[in-house]
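*Asks:* What follows is a single structure, and I will ask about it in a moment.
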Amino acid sequence: MSQQHTTQASGQGMLERVFKLREHGTTARTEVIAGFTTFLTMVYIVFVNPQILGVAGMDTSAVFVTTCLIAAFGSILMGLFANLPVALAPAMGLNAFFAFVVVQAMGLPWQVGMGAIFWGAVGLLLLTIFRVRYWMIANIPVSLRVGITSGIGLFIGMMGLKNAG
């Protein structure tokens, strides 16, 4: 019994040391429940992302596995290196735009679209490194930011309803 208690205490000590739980006013139990809740709110992405990108002609099985790996890798990095309780996964708005506009409406091959996304990400990384991105976002009026976010959500909903029949 005391061996089990010691093991449990050392495990909590490791979690405390790595994640500074007390300093952040939380417990291991609270964080596990929060992590499980976050997982449940995001797991739909694992199933929806392959459907959306399948419309663009991508292999849905490969997209499924890639989505799982990217979400796990990004979320683990955020927890371990940034010490932030943030889960990361592919963005559904960009995926829907890619599949329905770039590939279907514009007729570009999905490989060309992926290349454009890659170079766009490199550009955003450079804007972030040189702190231009924050300045740009701060200068967009709040009403426009809310409108863009709402529009992306409505676009995803419309595509979902359209594909549902």
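Even glycines carry a Cβ here, placed using N, Cα and C.
From a predicted model like this one, the values you see are computed outputs, not experimental measurements.
What TrEMBL records for this protein is below:
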type: TRANSMEM; residues: 32-56; note: transmembrane segment
type: TRANSMEM; residues: 62-81; note: transmembrane segment
type: TRANSMEM; residues: 88-106; note: transmembrane segment
type: TRANSMEM; residues: 112-130; note: transmembrane segment
type: TRANSMEM; residues: 142-161; note: transmembrane segment
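Are these features on the surface or tucked inside, and what touches them?
*Replies:* Remote same-chain partners of the transmembrane segment (32-56), defined as residues 6 or more beyond its termini with a Cβ less than 8 Å from a stretch Cβ, comprise 63-64, 67-68, 71, 85, 87, 89-90, 92, 95-96, 98-100, 102-104, 110, 113, 159-160, 163.
Cβ atoms under 8 Å from those of the transmembrane segment (62-81) belong to residues 18-19, 42, 45-47, 49-50, 53-54, 87-90 of the same chain, restricted to positions at least 6 beyond its ends.
Non-local neighbours of the transmembrane segment (88-106) in the same chain are 42, 45-46, 48-49, 52-53, 55-57, 67, 70-71, 74-75, 77-78, 113, 116-117, 152-153, 155-156, 159; each lies 6+ residues outside the stretch with a CB under 8 Å from one of its CB atoms.
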*Asks:* What same-chain residues lie close to the transmembrane segment (142-161): Cβ under 8 Å, and 6 or more beyond its ends?
*Replies:* 48, 52, 92-93, 96-97, 100
